[in-house]
Structure formats: structure tokens, C-alpha cells
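Noted in TrEMBL for the protein shown:
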TRANSMEM  67-85  transmembrane segment
BINDING   Gly73, Val76, Asn80, Asn338, Leu467, Ser471  Na(+) binding site
TRANSMEM  97-118  transmembrane segment
TRANSMEM  139-167  transmembrane segment
TRANSMEM  225-244  transmembrane segment
TRANSMEM  256-279  transmembrane segment
TRANSMEM  299-320  transmembrane segment
TRANSMEM  332-353  transmembrane segment
TRANSMEM  455-481  transmembrane segment
TRANSMEM  493-512  transmembrane segment
TRANSMEM  524-545  transmembrane segment
TRANSMEM  565-591  transmembrane segment
TRANSMEM  611-639  transmembrane segment
REGION    674-727  region 'Disordered'
COMPBIAS  705-717  compositional bias 'Low complexity'
COMPBIAS  718-727  compositional bias 'Pro residues'
Amino acid sequence: MRKNSKVTQREHTSEHVTESVADLLAHEAPLDYKNSSLNVGGVPGKKIVLEPPENDGRPAWNSKLQYILAQVGFSVGLGNVWRFPYLCQKNGGGAYLVPYFILLVLIGVPLFFLELAVGQKIRRGSIGVWNYVCPQLGGIGVSSLMVCGFVGLYYNVIIGWSIFYFFQSFQYPLPWAECPIRRNGSLAIVEPECEKSSATTYFWYRQTLNTTSTIADSGGLNVKMTLSLLVAWIIVCLAVIRGIASSGKVMYFSSLFPYVVLFCFLVRGLLLKGAVDGIAHMFTPKLEKMLEPQVWREAATQVFFALGLGFGGVIAFSSYNKIDNNCHFDAVLVSFINFVTSILATLVVFAVLGFKANLMNEKCVMENGEKILGYLNSNVLSHDLIPPHVNFSQLSTVDYAEIYAVIKTVKEGSFAELSLDPCVLEDELNKSVQGTGLAFIAFTEAMTHFPASPFWSVMFFFMLINLGLGSMIGTMTGITTPVLDTYKVQKELFTVCCCIIAFFCGLLFVQRSGNYFVTMFDDYSAGLPLTVVVILENVSVAWIYGTKRFMQDLEDMLGFRPHAFYFYMWKYVSPCCLIVLITATVIEMAISPPGYNAWVEELAQERFQSYPPWALAMCFSLIVVAMLPLPVVFIARYFNLMSDGSNKLSVSYRKSMMKDISNLEEVDEARSILGKNPGETPSPKPPSQAYLGPPGTNPLENPNSLLTTLSAAALPKTPQPPPSPTE
């Protein structure tokens, strides 16, 4: 018998020792009285066996690969193809990778590991997890669910845009390859709006979105985008409706196919003229950028969203794992894959942008060469200024740069009147293209110059659909899993109802002004609320539940103790980094005027416009609604106005508890043989004390695991009889 066992303690001390189902659920070896020398009348060889918590009827992943692909599909999304390359271009190229990688190690991996661990340990969705870790902060799970709802509404609209472009790609030439021709009788002219911008820009703003000039002018529903949104929600519903059994199989394709396309695009892109210029521009570090706080803030934000922290999808996926799954390995692997994917996508983007920049630069040289030739013919410029080797019919960028420098030097006083552009390749590469503009304008324009352009267009937009689908499955799982764990509802019916409601709410985004609402939700519905959610997750585990106890739980669960690095990250570094991030976000929101880039039809350009008062109120309402559950649940539970959630255990959790109660009866029977009364066990601690260690004990010496404490809190109290005279 072990020296620190409960029976030994009771024989050597007069203090009452807490023994409950919690002791059985802690990963301690059960006392095998029936095989001991004190066994009287017992059945030899019959052992007390606790079935592991994962055998509780809860759905499980078919394989580890399926689970990893699901996590990768959720974390790797459209942001890896859109936002990361844009931030890399904007913030110093290769220099941006340094702060990003540092913050990935300090914030990303530790917090990703934390979410995986609590989901796997408690085996519930985000609402159930934070209800039991700290009931007063149970609003964390509800806020996660609210943010998932907001993000899912507009994220699926982007998938709808991709679906529209996907079906438009089955044409040759591509419909955005040339500007449309307007005919007026026998006169044919190029569409003025298209001529002022470009064919791809015109197709995006006018033929796809048919956008209005202000957010106040809704313009009515865009029928094409409405149908595309309906198709997107049908696909998502079919992928999620049967739970992880079906969505996991979908992940085999939706998670792996984008890598096939990215590698194909990378190989094809490297063969394009100017691709090397784009990649060289990417890896040329602007080291002075690393000293700017804005670069670090944007790198932290990107790390934060790249791994899907705070959405609840990570917790939901990990809750279907076996209790002894090595979630530390999963955290490091998925984070590494996410980082490599961002680098791969950035290589592809910069190769394509390098190709596009060369095309635009050559176009600039040709147009300005014609201007110079006109000035020469009208004697505005002297032929002596032109080097004899220059051939205007095949004017190269090098020759033009030489001519430009000579004319600028000679005509210094009147040079501005000539309206000549420098046509520098670096200037074209520095033109940053963000978000939707990158996928639906820059990429589509580059693909019009590819051989077999419809094939590459179909592949590209099919890749975007798969990237978006993987993230949407994780987002929807972050909504459905907590609700299904907390309330007894039919999964299929609930999923269908969610998709139907989301579709009708999403009609806001398929108006002609819908693109502006997508920008609004992207800016305000997720950023600040998610940051607050994650820092509260960190604090509730590291400071309320206790980092030492959590490390002990991980050792019991994984079979090894995680490195002390995680202890200091969870306890000090990550909370400090998140507080700085929240402060910087609030300051930026206060300094930057709230607004959006509106497409002005007359100018054929985007212009920044401030939100009207009603839209500004809507922006801040998104933040308030997403964060409102946090104070509401805290106040309600602080004043005992609502249950702490312990009476809403999932069916699978209850099955596990019933098995443990049965095993407890066997242990009490064995104790009665030893002369101990089974009823003398004190009642477990109330739920309000679930995160406190036993008085006067060291958590490391006598740990109560997370699952132990929560399970004990869920059992009904039993009256404690007075001690017997013999004691």
C-alpha cells in the first residue's frame, strides 16, 4: 500500500480525509483490496477497473490524421493567402517574419496548447469548459460562440464570392480579361468606368458586386451573390450536419487540396517573367521596420487569428480526442504547418505579384515612350537627348530609365509639364493589395496572362472554396458543440436551423452595399472581443485554477510533464503580451477614424469615407454584443442569480459519472471489510471552491486534477455522520 494513500492517512491521523468520486477520477491507481492479504470473502482476481473517460459515448475522431487535418483546415484559411502576404509586403518583407515568428513562439503555441489541453481534458465545448474551470467566467464560452456567429456570417459570404468566380472561370477567354464594349448604334466604345480602372477591377466592383457608392445606399439584393451565398450555406450545412464523422472526412480533401494548388501555382509562378523580382522583394528585409511598434502589433494580431484562438473551434475539435492524446505534439505540429503554409502562400503571391508588376511596368514604359516620341515629333524635345541605340518600337525598361534620367536633368525647370512617369519596378511591387483585392483583382489579372488561363482560374478559386470550407467547419463546430453539450437538442435539426438563420442574416452582406458591411464586421466583430476572450482564458487557467495544478494535470494526462517554458509563458509572458495587444488595439481604434473604402463610380477609384452615425453605432454594437456575456454571467453568478452549470452535464459526461459511482460502491464495500464505514466520507467541495486546493496542502504534493475537481463538484452532497467513538 502506498504511503500517501487515503487509508494510510486515515490510520495515522485524526483528520478527516476527503474521499469521493473525484479521487477515483484523478489518475491515481485504485486500491486493490480484493487482491490483498486482507481480502475476506472476496473474489480473487477481480480488480476494480475504471473505464477511461473517453469511453463515455462521445463521438471520436476516426484517426489521428483526420483530427490533425481538421485542426489544420480550421487554422489555415483565407487569411494565410490574403492577409499574411499583405502584412509581409507592408511591414518590411523578410523583416516581418522575425517578429511574427517570435510572437508565434511566445503567444501562439502556448495558448494553442492551452486550448487543446482544456478541451481534451474536460471533453466539452467552449461553454462547458469555462463553466467548470471558473463558473464566474463562464461567459467566455458564450462570447466565443457570439464571435463565431458574427465571423461565420460574413466569412461564408467570401466563400460565396469564390463560388461565383469558380463558375465564371469555365469560359475562354475569362470574362474579366477585357473591358466590355458599349455600342451606341454603329459606334463602339470601351466602358468608361472600366477604361479608367482595369478589366479585373471593373468585373469585381461592377459585374460581381455591382456595388453602390455609399454604405447608406443599399441598392437592393444582388441576385447572383444571393444564390452564391445559398450554395455556400448548403455546402457548409452538409459538411457539418453529421458531426465529426462526416466533417472529418471532408477535411481529407478540403485540407489537402489547397496545398496541391499552392505547389502547382508556385511551380507555375516561378516560370513567369518577373517572378524572381517579386520573391527577391519579399525576402529583402527592411530592418528599420522592426523598430516600429505597429509592425509588432500587426504580427501579434496575425498570430492570434492564424491559429483560430478564442473561437472555440480548437476546443471543440480537441474535445473529441482520447484523454491520453499527446496534445502538446499536436499544438507544435499544427502551429508549424500554419507558419509554413503562410510562407508558401506568400511565395506564390509574391511570384504572381512580381509577374504582374513587370507587366504593369512594361505597360508604363510603352505609354510613356509614346509620349516622348510625340514630344520629339512636335519638337518639344530634341532628338539629341535620345541615345542612338534606343529603339522606340522595342523600348526596354533599362533604356527608358536612361532616357528619363537625361530628360529630367536637361528639362529640370519644365519637366513636370511633360507628365512622364518614372516607371520603376520597385514602385509597382510596393503597391500593397489587401484582402479581397488580392484574390479577386490582383490574382485574376495575373491569371489572364497565364497559358490555359481558365484551368488556373478554376484551380485557384476551388482552392479558395476549400480553404474557406475548412475554416467554416471549425467555426460552425465552435457553435454547435457547446450548445449540444449543454442542452439536449437534436444535432441535425439544430445544425439545419443555424444554417437557415445564418443565411437570412447573411442577406445583409449580399446587398449591393454588402461589401462595406463585410469590412465592418471584419474590423469590429472579432478583433477586440476575441483578444479579451483569450486573455480571460489564459488568466482563468494560469491564475485562478493555478498553473502548477494545470501542469500536474497535463503530466497525469500526457504521461510526461511539459517543459517549464510553458509555465512561464502561461503565467507571465502571454498575459503581458495580450494586455499590450489590447491596449494597442484600443488606442488604434481611438486614433483612426472609423470608416471604409467606397467605390466611386464616376472616378472609378476607391475613396475613404467615414461611417454615418447609424453605421458607427452598429460598429460599436458588434463589440458590445460580443463582449456582453462576460460581465452578465460574472454578475449573475457572483450574486447567485444563475446556476454555475454543474447541473447541465452532457449525456456522455453523466454516463461516465455513473460508471465511477458504481466503482465507488465497490471501494466502499472493500473499506467495510477493513472496519471502515463507507458513509464516513466527507462531502465533496462545493462548485464555488472547485479551483481552490485543499487547505494547508501544496498543489504539487497532493494535486486535484481539473477533471477530478470538476467531477467532484458535480456530485450531490451527502450528510456527514459524526465520528465513531473509536476514532
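Just so it is clear, glycine is given a Cβ too, placed from its N, Cα and C backbone atoms.
Note: TrEMBL annotation is automatic and uncurated.
Distribution of TrEMBL features across the structure.
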residue : record             : Cβ contacts under 8 Å, 6 or more apart
Gly73   : Na(+) binding site : Met251, Ser254, Ser255, Leu469, Gly470, Ser471, Ile473, Gly474
Val76   : Na(+) binding site : Ser255, Pro258, Ile337, Asn338, Thr341, Leu467, Gly470, Ser471
Asn80   : Na(+) binding site : Ala306, Asn338, Thr341, Ser342, Ala345, Leu467
>> Can you check which residue among the binding-site residues Asn338, Ser471 has the largest number of Cβ atoms within 10 Å of its own?
In response: Ser471
> Between the transmembrane segment (139-167) and the transmembrane segment (493-512), are there at least three Cβ pairs closer than 8 Å, leaving out pairs fewer than 6 positions apart?
Replying inline: yes
> Between the stretches 97-118, 225-244, 299-320, 493-512, 611-639, which wins on the count of C-beta pairs under 8 angstroms to the transmembrane segment (565-591)?
Replying inline: 97-118
> Do the transmembrane segment (524-545) and the transmembrane segment (67-85) come together with 3 or more C-beta pairs under 8 Å, pairs six or more apart in sequence?
Replying inline: no
>> Please identify the stretch among 225-244, 299-320, 332-353, 493-512, 611-639 with the greatest number of Cβ pairs below 8 Å relative to the transmembrane segment (256-279).
In response: 332-353
> Just how many other Cβ atoms lie inside 10 Å of the Cβ on Leu467 (Na(+) binding site)?
Replying inline: 29
> Which bits of the chain, at least 6 residues beyond where the transmembrane segment (332-353) starts or stops, bring a Cβ under 8 A of a Cβ in it?
Replying inline: 68, 71-72, 75-76, 80-81, 84-85, 88-89, 97, 101, 104, 108-109, 112-113, 259, 262-263, 265-266, 269-270, 272, 275, 278-279, 281-282, 306-307, 429, 433, 438, 442-443, 446
>> Under 8 angstroms, Cβ to Cβ: which one of 97-118, 455-481, 493-512 has the largest number of such pairs with the transmembrane segment (67-85)?
In response: 455-481
> So which of 97-118, 225-244, 299-320, 493-512 is most in touch with the transmembrane segment (455-481), counting Cβ pairs under 8 Å?
Replying inline: 299-320
> Sequence-remote contacts (6 or more beyond its ends) of the transmembrane segment (493-512), Cβ cut-off under 8 Å?
Replying inline: 149, 152-154, 156-157, 160, 209-212, 217-222, 225-226, 228-230, 233-234, 236-237, 240-241, 476, 479-480, 483-484, 518, 521
>> Centre the Cβ atoms of Gly73, Val76, Asn80, Asn338, Leu467, Ser471, go out 8 Å, and tell me which other residues of that chain have a Cβ in range of the Na(+) site.
In response: Val72, Phe74, Ser75, Gly77, Leu78, Gly79, Ser255, Pro258, Thr341, Gly470
